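Chemist: Have a look at this one.
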Amino acid sequence: SKRVKLLSHIPLLSLYFQYIKRFYNESWERRYGRVIDEGTLTLLWSITVSIFSIGGLVGAIITTPIVKFFGRKHTLLINNVFAVMAALLMALCQLAGSFEMLLLGRIVMGIDAGVSLSALPIYLSEISPKEIRGALGQVTAIFICIGVFTAQVLGLPEIFGNESRWPYLFGVIVVPSLIQVGILPFLPESPHYLLLEKNDKSGAEKAFQTFFGKDDVSHELEESEAQRNVKLVSVLQLLRNRSVRWQIITVIITMACYQLCGLNAVSIPFQYVACNGSCLLLISIYMFSYLTVFIIFHFSGLAVERLGRRPLLIGGFGLMVIFFAVLTVSLTFQNHAYWLPYLSIFCILAIIASFCIGPGGIPFVLTGEFFQPSQKPAAFMIAGTVNWVSNFSVGLLFPFIQAGLLTFCFLVFAVVCLAGATYLFFVLPETKNKTINEISQAFAKRNKVTLEGQEMSQFPSERKSSEEQEHNFSSTLENGETKNNIL
């Protein structure tokens, strides 16, 4: 009778919805003397979920000037101020009787996430050799998923998932922030930042020696020194640059699919199981399976340097299409056979695993590989903007899509994954162990420019000055020949 009715009368988005709904009603009635209507409540909840992405967008935009002024490491350190502030606002919202504190806390937490997801890839791309560049990007995704899993475990009814303690789950955010504040100061700053922004050659040399594990880092210093006179490209200049047009399109589509593929929505059936008091054993199996899938498949994602980016991305999105289709069928006919709910559970875990294979971490790696160092800050800003706008769209629109389509809402995500896989199959070249010039050459034909034209567009001032020098030199020779003929 209470056997895993996964989506028949599903709550809107989260296990916590029932508690936050009551909190909204109480605050609204105390303030306005009436109960909030259902439509306003749905809209308010959608804003609560999606407003996190607005903060993320703000964080992504302000990252570029911050990392340039404070450095990569110190930006990550200062960013913990936002995390602590958000934790206090959200943890104390019920005590203060103000749902505005919850909304403000979500925005501030989004700013923290936006800065982190922009500054951290820049930092990692500048301290890692190209041989482990992709693997290091996957490690980031591993710990993001471990954090998600930890939050879900802490959200169980026996811990913080009840009406009296739910706000304190947000206060747990302080713990990882304090850990980061305690560890990060002992790590070196980015050697590129020390050399190019601070002119600290000895500090950059020590940082390279620490990160690369060798004494002779003269080659790395020379490569960084060569970038000293290169002027950073703005977002508008990058968008106008014809030589990277398809790289930008690929980053936009990949980051959009990363958020629109439906991974966040796929955990809703399990949350419904918990809400309806299904057997604790099933919930426990889900929790441990969730952790196992994330760790195993993300560590298998470390094979990205062995298998390459292209097959993992296309394969991951392709498998998600298949399992989303099977999940829709199993949820639609779940009452016709006792084993269909368990097939749904398998499909959900398989979708999570498929996401971990490639789409979970490779999009951030590609953004760092497609562009020259002078273009990377602008490229990460574009990628971050697409990422957070897509996240906002999912959070705002999914409750209404779910209410209208019920179990068929997962087919929307299947279409997104199919479109992403198809685009990547025809456009994305393999970037494993390739230099930026080799990757640019792979896109050159599609961009309808030659590699020389790409270099001219990337370094216009240098190219122009050399052309002027050549013209002046030729003029000098012609004048000399004229004088000789006169004599």
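Counting starts with 1 at the first residue shown.
Just so it is clear, glycine is given a Cβ too, placed from its N, Cα and C backbone atoms.
Residues or ranges marked as domain 'Major facilitator superfamily (MFS) profile' in TrEMBL: 1-432. Taken from TrEMBL, the feature transmembrane segment covers 43-64, 76-97, 103-123, 135-154, 166-187, 248-268, 280-300, 312-333, 339-366, 378-398, 404-428. Taken from TrEMBL, the feature region 'Disordered' covers 456-487. What TrEMBL lists as compositional bias 'Basic and acidic residues' is 461-471. Positions annotated as compositional bias 'Polar residues' by TrEMBL: 472-487.
Could you give the neighbours, burial and distances for every feature on this list?
Modeler: Beyond the transmembrane segment (43-64), the same-chain residues lying 6 or more positions past its ends with a Cβ under 8 Å from any Cβ of the stretch are 12-14, 17, 20-21, 24, 36, 75, 82, 99, 102-103, 106-119, 122, 377-378, 380-381, 384-385, 387-389, 391-397, 399-400.
Distant neighbours of the transmembrane segment (76-97): 23, 26-27, 30, 59, 66, 70, 104-106, 108-109, 111-112, 115-116, 119-120, 123, 166-168, 170-174, 176-178, 180-181, 184-185; these residues of the same chain sit at least 6 beyond its ends, with a Cβ under 8 Å from one of its Cβ atoms.
With a threshold of 8 Å between CB atoms, the same-chain residues lying at least 6 positions outside the transmembrane segment (312-333) that come near it are 6-7, 254, 257, 261-262, 266, 269, 301, 304, 340-341, 343-344, 347-348, 350-351, 354-360, 362-363, 407-408, 410-411, 413-414, 417-418, 420-421, 424-425, 428.
Through the fold, the transmembrane segment (404-428) approaches residues 7, 246, 249-250, 253-254, 256-257, 260-262, 265-266, 309-310, 313-314, 317-318, 320-321, 324-325, 327-328, 331-332, 359, 398, 446 of its own chain, all at least 6 residues removed from its boundaries and within a Cβ separation under 8 Å.
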Chemist: What residues elsewhere in the chain lie close to the transmembrane segment (248-268), defined as a C-beta under 8 angstroms and at least 6 residues from its ends?
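Modeler: Those are 7, 10, 13, 152, 238-239, 313, 317, 320, 324, 327, 348, 351-352, 355, 359-360, 362-363, 366-367, 370, 379, 382-383, 386-387, 390-391, 393-394, 398, 402, 409-410, 412-414, 416-417, 419-420, 423-424, 427-428, in sequence order.
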